[in-house]
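Student: Okay, here's the structure, questions in a sec.
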Amino acid sequence: MNERQKFTRNFSIIAHVDHGKSTLADRLLEIGLVTDKRTQKNQILDSMDIERERGITIKANNASFDYHAKDGNIYHLNLIDTPGHVDFTYEVSRSLAACEGVLLIVDASQGVEAQTLANLYLAMDLDLRIIPVINKIDLPSADIDKCKLMIEESLGLNPEEAIPISAKTGLNVQEVLEAICYLLPPPVGDVDAPLKALIYDSFFDTYMGVVAKVRLYDGRLKKGEMIHMMNIGRQFTVTEVGINRLSMVACEELQAGDVGYVVAGMKKMGDAKTGDTITHANRQTAEDVKGFKDAKPMVFAGLFPINGEDFDALVDAIEKLKLNDSALTFERENSAALGFGFRVGYLGLLHMEIVQERLEREFNLALITTAPSVKFRITTTKDEVIEVDNPSKWPDPILIGKSEEPFVKATIIAPESYVGNIMSLVIEKRGIHLDTVYLSKDKLQLTYELPLAELIFEFYDKLKSYTKGYASLDYEEVGYRDSKLVRMDILVNGEPVDALSSIVHKTKAEERGRVIIEKLKDLIPRHQFMIPLQAAIGSKVVARESISALRKNVTAKCYGGDISRKKKLLEKQKEGKKRMKQIGNVEIPQEAFLSILKTGD
């Protein structure tokens, strides 16, 4: 170990959403970089406006700074920020792979939450040194002793090492920096061995192309060298290396133990895949960096421009966004109701919301998203296995041997008083109870298995309302399970509306169909003829409503007179309406789609 490695510390901060991770990062950087309070934005590492507005971290950012410790040495600290939301677990795993240790934040008033545990397990899998930090001790509801008990019993960590702080006021934050220097191990690596570096994130720069954020495990890297990407097999010439002191600062070379960035004339994000290993083209390392999980989309939805003329702008926007979001997948799709658009794969519902918000905000587009779906698996009667994420591709029921859907293991942490509400919600969502563990005398951890399709359908919102916001949720995939799935079509005046089709569990079809049809009845304006609205599985109608016709009083000009004259006029009107119904196409207003799809119904 050389002198540089001896005084280097690579660390991450992990926490549940809203437990003060970005605020602590601000305080650490304030001490280390001495950022000017007048020009400082809160949440320094949260570079996107959406991140600051929503108070969440989406992209993994990093900052390097020097710290003069009490032992008289100057330590070089690399802080790698991690997201805390369940959708961005892949960002957390790639950031942690670049570290030797983590600060685990626990909110002094709320204690251990679901994502605290999920992120802790990721850190333990990578064998990282964990320092517990109890934040928000300035709150009146803070209970430090209870938190220490939970840290010992629920997390299995040493409560004596827990540092009580207030990131907001800066109280005890200096102690955290001292603990990083004393308790976290320095990076190990041979600077003379062949280059081995992990790409843990990347972003697109208009002038430099793709910039890869890297952690070097072995070797050295400098400008002018030819590098080889081990997973994709491509080679590039390095044009710049450097470190990130909030902004990018070029340097002579990076060496084993360093966290920095590499620019090498890479034009697209596929050239710098997250989790790939960089080595020298002429002197390659024997094996790549292990322990990395690739991100897979779990939720799929159609994305269409409200104004059809904006399609080219959407193509351009989504391709640019893909440059900064390696987890996003998309393919072109055509809908009779909504025109040209894309079928987009997301990591989860929050990821979906953020992508749409970024497209609308950064590229000034008005968009509509169809109801989210998951990837179903079908075994045909000929024993072929196909995966379907779009209702329009659902095969004819005669050809289906069996259908399966993805299940997840959901961990819910909540106060004991809300257990009844949670159980009834999970039963409603076809969940199976696996386990209950007491984290403290009034806080429980409940584990369930339930279909992912039910989880993405208003589950999180309902969980929050059933528990007055006190429950927290985390989930992981557990594979596919047999399920009785059907495609439900919505017919307006006998014509199926493709944008409203969905794949549902047989037992839920009637309930879902009724909700959509009742909404449509309120939203579609009346026509000159009666409009039947139906929810159907194949030829079987499971729910039906009718929109009554507008009626013109054709007998108004008959003053008294013969009743047969009135009958004749009414018959004539009926004939006209019959003809109109055959020719007439029902205009479904855009608002009807927006209203139905926005609620996720």
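Numbers run from 1 along the shown chain.
Using N, Cα and C of the backbone, Cβ positions are placed for all residues, glycine too.
Pasting the feature list from Swiss-Prot:
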- 6-188: domain 'tr-type G' (DOMAIN)
- D18, H19, G20, K21, S22, T23, N135, K136, I137, D138: GTP binding site (BINDING)
Student: When you look at D18, H19, G20, K21, S22, T23, N135, K136, I137, D138, which the record names as binding GTP, what is the longest CA to CA distance in angstrom?
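Tutor: This binding site's residues have a maximal Cα-Cα distance of 17 Å.
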Student: Near the Cβ of S22 (GTP binding site), how many other Cβ atoms are there if near means within 10 Å?
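Tutor: Taking every protein chain into account, the count is 24.
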Student: Let me check the 10 A CB neighbour count of G20 (GTP binding site). How many other CB atoms are there?
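Tutor: Result for G20 (GTP binding site): 23 neighbouring Cβ atoms inside 10 Å.
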Student: Can you tell which of the binding-site residues (D18, N135) has the fewest other C-beta atoms within 10 angstroms of its C-beta?
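Tutor: Output over binding-site residues D18, N135: least Cβ neighbours within 10 Å is D18.
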Student: Are there any residues in the same chain, six or more apart in sequence, whose C-beta is under 8 angstroms from the C-beta of I137 (GTP binding site), and if so which?
Tutor: A108, I144, P164, I165, S166, L171
